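Encoded as structure tokens, the structure appears first; notes follow it.
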Amino acid sequence: MKNSMNVSEIASIIREKVETFDNPIKRENIGEVISVTDGIALVYGLEKAKFGEKVFFASGVEGIVLDLDHNTAGIVVLGNDRDVKEGDVVKCSGDVVQVPVGHELLGRVVNALGHPMDDGGEIRAKNRMDIESKAPGIIDRKSVHEPLQTGIKIIDLLIPIGRGQRELIIGDRQIGKTTIALDTIINQKKVNDEVNENQKVYCVYVAIGQKISTVAKVVNKLKESGALEYTTVVVASASDCAPMQFLAPYAGCTIGEFFRDNGMHCLIIYDDLSKHAVAYRQMSLLLRRPPGREAYPGDIFYVHSRLLERAAKMSDKKGQGSLTALPIVETQAGDVSAYVPTNVISITDGQIFLESELFYKGFRPAVNIGLSVSRVGSAAQLKSVKKVAGSIKLSLAQYRELEDFAKFGSDLDASVQLSLNKGKYLVELLKQKQHLPMSIEEQVVLMYIFSNLYNQLSKIQISNVNKFEHDLVNYFRTVHPGVLKKLSNDMNGDIKGDIFNIVSNFVTQFNCV
């Protein structure tokens, strides 16, 4: 006899299957590409898209929502826009752009999205962070009080930089801006070799809109100096699209913030923000935003201020970490009154102004002391530095003024002639070859000799001052390292006596050679 099921049983089985059926509906926020022009895609749809949200095109290329209209969204393409075609489907990710962070990135060269550009293989970072984050608040900060040594005499003595400061490097092209930044990174090797893990200074170098050959030279120099092991290089070269150049400094800042927020110290170089502003101007004009002065959009100040405000010295409760920023801005014919230079000057805590005229006269680094200033760095200077550097800036300024006066050829009295002669020795002592940073203790010795032992120094011919300096520093390093070590704290009468005796004997020996 065949089993037969009545209608009620069949109905109950169907009802049970329907009630237990579980196939959740997945909703996706999608849109369709209407047009693509110069790295900007206009997309119809994406009703739930958020400003700054990351999206994916059908080809796998990423993009960021930077413009929201009634029915359309303007998306900057993070890659080759040839891979994006009209009619392609675009999907929202629900997230903003993130980059890998941590010690795993040290010694690596990455692009603005954190993807490796060297031959070091995949980066397996344990942490990722949003590239856009809020700057630390007032309560979370602490005043700058720890020095960041650059190894460059004229900067450490006259324009001191502290950890957590933002110091602008500004000047015309090809007069040593990048060299100052690189020497600062290289000098941290001496510091890092002598301190514990939490006191080390890690570095991030962000190359924006530069030639790939130039970036390769920078990376090779860092390798040769042993500085790449504590440095991450973020590259958005001239051949990269404008959105990648725009993102690069934010990505680099995020990498630096990892160290800052974990009680460590980081130095970040933005090379340079002029090209960053040009990239943002290009994007804004393509997004049809109204142009302002020099065709820059109205929010260009905010673009740089929200980046540079993330550099800070953190409070005790927040771990006492720091992020020090050295942005670089290129001027045209020394014009610091242009839009981007004035903006960045007003945001930062001081500026190091490089002058073409000084550079071509042979005074390198070509720092114009009259226009350069550090508004907070003096609080971070060592006591020994303050004692010898106080009168140096005034002496140099007086020499520059008297130098112009002496050109008229009039008779000069003895005091003016003495000031001129002292100024010539000071200028020679402040000159420094690139990629040869000097410890702060050695700088103190040289400036103490100028300020207090000029009678000894004047026995050396002007043409031999650089050789005298080189030999004297080596003499202190090899024969009297204990004296240099004492200078790392303060300078008392005993140390002054030791320096006087050492220098007097050395001058006699030097002149006899």
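Glycine too: its Cβ is placed from the backbone N, Cα and C atoms.
Here's what Swiss-Prot has on this protein:
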BINDING   G171, D172, R173, Q174, I175, G176, K177, T178  ATP binding site
SITE      S372  site 'Required for activity'
Next item on the list: Please compare the recorded positions Q174, S372 by how many other CB atoms fall within 10 Å of each one's CB, and tell me which has the fewest.
Entry: Q174
Next item on the list: Measure from the Cβ of G171 (ATP binding site) and count the other Cβ atoms within 10 Å, all protein chains considered.
Entry: 29
Check: Taking the Cα atoms as reference points, how far is K177 (ATP binding site) from S372 (site 'Required for activity') in Å?
Finding: 13
Notebook entry, point to check: For ATP, what surrounds G171, D172, R173, Q174, I175, G176, K177, T178 with a Cβ no more than 8 Å from their Cβ centroid?
Noted result: E330, L354, F359
Checklist line | Cβ neighbours within the same chain of G176 (ATP binding site) - under 8 Å, at least six residues apart | finding: L354, F359, R364, P365, A366, Q434
Notebook entry, point to check: Do you know which of the binding-site residues R173, K177 has the most other C-beta atoms within 10 angstroms of its C-beta?
Noted result: K177
Checklist line | Nonlocal residues around I175 (ATP binding site), in sequence order (Cβ under 8 Å, 6 or more apart) | finding: L354, E355, S356, F359, A366
Note to self: Let me check the 10 A CB neighbour count of T178 (ATP binding site). How many other CB atoms are there?
What the structure shows: 21
